[in-house]
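Student: Once you've had a glance at the structure underneath, I'll fire off some questions.
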Amino acid sequence: MGAKEATVRGPGASPVHRTCHLIPLLLAGMLTTGLAQSPVPTSAPRGFWALSENLTVVEGSTVKLWCGVRAPGSVVQWAKDGLLLGPNPKIPGFPRYSLEGDSAKGEFHLLIEACDLSDDAEYECQVGRSELGPELVSPSVILSILVSPKVLQLTPEAGSTVTWVAGQEYVVTCVSGDAKPAPDIIFIQGGRTVEDVSSSVNEGSEEKLFFTEAEARVTPQSSDNGQLLVCEGSNPALATPIKASFTMNILFPPGPPVIDWPGLNEGHVRAGENLELPCIARGGNPPATLQWLKNGKPVSIAWGTEHAQAVAHSVLVMTVRPEDHGARLSCQSYNSVSAETQERSITLQVTFPPSAVTILGSTSQSENKNVTLCCLTKSSRPRVLLRWWLGGRQLLPTDETVMDGLHGGHISMSNLTLLVKREDNGLSLTCEAFSDAFSKETFKKSLTLNVKYPAQKLWIEGPPEGQSIRTGTRVRLVCLAIGGNPEPSLTWLKDSRPVNDPRQSQEPRRVQLGSVEKSGSTFSRELVLIIGPPDNLAKFSCKAGQLSASTQLVVQFPPTNLTILANSSALRPGDALNLTCVSISSNPPVNLSLDKEGERLDDVAAKPQSAPFKGSAASRSVFLRVSSRDHGHRVTCRAHSEALRETVSSFYRLNVLYPPEFLGEQVRAVTVVEQGQALLPVSVSANPAPEAFNWTFRGYRLSPAGGPRHRILSGGALQLWNVTRADDGFYQLHCQNSEGTAEALLKLDVHYAPTIRALKDPTEVNVGGSVDIVCTVDANPILPEMFSWERLGEDEEELNLDDMEKMSKGSTGRLRIRQAKLSQAGAYQCIVDNGVAPAARGLVRLVVRFAPQVDHPTPLTKVAAAGDSTSSATLHCRARGVPNIDFTWTKNGVPLDLQDPRYTEHKYHQGVVHSSLLTIANVSAAQDYALFKCTATNALGSDHTNIQLVSISRPDPPLGLKVVSVSPHSVGLEWKPGFDGGLPQRFQIRYEALESPGFLYMDVLPAQATTFTLTGLKPSTRYRIWLLASNALGDSGLTDKGIQVSITTPGLDQAPEDTDQPLPTEQPPGPPRLPLLPVLFAVGGLLLLSNASCVGGLLWRRRLRRLAEEISEKTEAGSEEDRIRNEYEESQWTGDRDTRSSTVSTAEVDPHYYSMRDFSPQLPPTLEEVSYRQAFTGIEDEDMAFPGHLYDEVERVYGPPGVWGPLYDEVQMDPYDLRWPEVKYEDPRGIYDQVAADMDAGEPGSLPFELRGHLV
């Protein structure tokens, strides 16, 4: 590499070789960001074969400082401003520094990547002392880093548009960012360099950095408008200068305005012409504002601008008028920087004709007299000449005159005097104006000459004078005249006063005045009259100039005004009244008469008065004494005319002042249904009308302004709504006027639906006794037949009440029951309907008391239990009766001591059914295998049953085997289980076909089933069927092999049979007489058996003990399991001790036996399965706890339907809702004094329970 060259490598570019000049700050070839290698001097110092010279690079470049050592084995390191960097090629603390080259060749070049200002320093290459050479230090190499300015800050702001006024001086400031060396700044204005610039260099934000601040003084011109003013900064680190600029908006005035009009210099224009004057102003920023002035006053301020050409234009459009003569029109231009307004003007010279020609003077004149006229024109420019014409004949004027007119014009005047004759009448007299300047136009004024002369004749046509005409008649009068100029006006007069056509429309119009009509030389005018009294003897005249004609009418009319006069206006009962009837005027006279409401009154004649319309007057008087009944009556006066056959009437209404009086039709009582509306009407007469209607109820005054449920109507009537029973009663009305007061009582009768107030529930009676079920209600009205009764059975079925007596008195109804029977017990419903919905309904129970009836099947009930003192037994005694039953127990006739801890009794009362469960713990064969007697007692008697407690044994044979269905291949069987011996039993069917010997067996599954269908049979075959029961101790009926039936299956062509009747049970035939040999064998067998009895007895006792232990364990486990699983929550029990127990009840005609293994008898699902706490009263609340299913299974021990019959007709209730039906009756314990207004109108369920009407 040459000593005067450096290599610069930019990113992604090939190396570029430039000549290196050693002048500071002018190393343009080094201003890149690539690798810079310092030039190596041609003659290196001692010990070095290569060293770099001073180097200048741009910030961000990579530079290599050369160091070639002649003693390669020495330790070499670089020093930066005296700081040793160390011999390590990866220089610690300087990640951008590294040593490059082959150390064996003595190459220790320092490589600096991405140079920044911190690398601007002096560098030395130092060689340590070694065996090969001494310690060496190279001359210093100065590395200069050039930093370019990043930004120029221009004031005003760069990128903006700056508005200046042309010719004014402005200051622009430009400040560079930090750089090294300081940048140079110049200003360029519109492509020209600004000379007046001052700059200063200042220290930058860091050491070795500088910034330049330059200030330029600029005076813009109009040519600079829209140009850029640029600040340009440069330094050696920049390849191209950086710039900042703003746009100059130079304001300067526009050029002078120009009016583009051909007649600009002369200004000649014709009046009426539409003149358009364009004005243009060029240049200016902003563009010029133009306006037009007329005689110094603005007339148009509208203008347009073409920005591209910088031209403003405005057009003045005007219609020239005569007054515009001599007007000065000016166009002015200016903008915001104009020193003064620029103006261009024009003066108008207007030519205009006269706007009008006028003839002064009258053209109407009597014949043979002179007419003097003057013709005058309006101002014109230039002047005009005048001439006269009469018809087609030109007349000579008397004289002519010219005067100055308006707007620089002239006025012409011509006078004319003319003698008129009759033949000149109607000719046209014309004044004409003319001039050469207006040769195409004619201006003239014409008048018609009117020569006056009088008419020749005048007369009236109409009815003949003296003829009588009835008022209201339409009369036509016509006035006629011949000749005359002007045409005769024909004026009508009545009694010397002009007759005018009325302006306002009248139906019909009494006067219709026609217009003058002409027919040839005859003129006429019609006057039509509807004749009235004012026209009587009136004189109607017609005038035409000095001529006149007249006629007179005679009118017949009835009284024009018939008036009754009274001597007093304020009358009170007993006052005297004098009335006078006066007929003002009529023609001919009339006859007067007076009556009151059709009754003729005695009257006397009164002194007549003068009558208008030249008619006759009349008057008569009458005397009256008035009462309150006369108020409003009319006294009528009638005036009758015989000639006219017409009567005119007038009346006087009597105004009698009297206090209020209630009329006979006044209502005294009003009926209304509760919650409805009521109107208490008022029929009162008073004069003046009552001032107030005051209503009081129970001593309290009702507000006249109204209330929530009442208002007083304008006529005094009282209106009520949402009426309640509390509103029932008398209402007092107090009426008052200025004459006095009056009072009346009105009764309001409020009808409301019945409400049951008392209904005793339950109602009790002994069997055979008599009782009344009493139902007391609150209702209005109380009707004799409003009570009815129903007896309810199951599902509220209505039953017959023919054996009961119904009666009622007032608000109480009774249902009388005589010789009460158990079948009459149950629910009864009292229904009350008084015609106001809804009807009231109340439920009541009739309880018929009877002595206990114990369920005691015959001949005996057995209960089995192991007698080894390890098990327990429960005896169940059930009875019916009312009232509640008490139970007692005996064993073998001896009262049972229930204080003994081995005995526990639980009592259960459910309606009429009562139960006692006696549990015996640790059953002992010696003590407890006995006959127990249960006695049920109440106030009406007692009853008892016996229960035998026995030991565990084989089961008894089943009972009642019968066939329920038969088919060709099957037979359906049903039976009743016998005593199971205290152990679980199962059933087995043995059968045989009689045609084919041999027995077949079939086990019944499930084991506890009591019905079974035997299949696999042959059609048309006779079978014999046996049923056996067995338990762990053996089979039932081993001697006779159980009970049996015989059947014959039908053929395939026969229909299957269903039967509910048991077939005859076929017993095995009796044994034949025993022969001797078999008897001997039997005796021998007995002897053998006697020898083995001891061994067999012992074995039997052991086996029995083991069975008892197993049964006891299983029974206890089963009882505990049932207790946990089947707790009965709603039962009512009585127990002496808190022990679990079971129940046994006897109701079969056959003996039944119960074991203690898994024993859980249960009652049938009757009323005793649910609690009657909500439906019955008087039931004992007793604590009882035993397995919940205790009563479901005992149903099988009761007799079949019909064996016992119904002991008590019980009301069936929903087991899930033990309330009586809510809407069927009213609560007998309700609050009696409530009224409907105080009750909640919500649903029944929203009331408290005690107000819902439920039986509890």
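Cβ atoms are placed via backbone N, Cα and C, with glycine included.
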Student: So, in Swiss-Prot, which cysteine from C115, C231 is disulfide-paired with C174?
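Tutor: Cross-referencing Swiss-Prot, the cysteine bonded to C174 turns out to be C231.
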Student: Would you mind checking which of C20, C115, C125 shares a disulfide with C67 in Swiss-Prot?
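Tutor: The record-listed partner cysteine is C125.
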Student: Of N567, N722, which does Swiss-Prot mark as N-linked glycosylation site?
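Tutor: Among N567, N722, the residue Swiss-Prot annotates as N-linked glycosylation site is N722.
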Student: Labelled N-linked glycosylation site in Swiss-Prot - which residue from N561, N922 would that be?
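Tutor: Comparing N561, N922 with the record, Swiss-Prot tags N561 as N-linked glycosylation site.
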Student: Look through N415, N1091 and state which residue has the annotation N-linked glycosylation site in Swiss-Prot.
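Tutor: Looking at Swiss-Prot, the N-linked glycosylation site feature maps to N415.
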Student: From the candidates C830, C934, select the one that Swiss-Prot records as forming a disulfide bond with C877.
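Tutor: Swiss-Prot lists the disulfide between C877 and C934.
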Student: What are the sequence-distant neighbours of S446 (phosphoserine), meaning same chain, six or more residues apart, C-beta distance under 8 angstroms?
Tutor: S428, L429, T430, C431
Student: Please spell out the DSSP helix, strand and coil residue counts for the domain 'Ig-like C2-type 3' (256-347).
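Tutor: Taking the domain 'Ig-like C2-type 3' (256-347) as a whole: 6 helix, 50 strand, 36 coil.
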Student: Could you tell me how many residues in the domain 'Ig-like C2-type 6' (558-649) are helical, how many are strand and how many are coil under DSSP?
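Tutor: Its residues fall into 3 helix, 50 strand, 39 coil.
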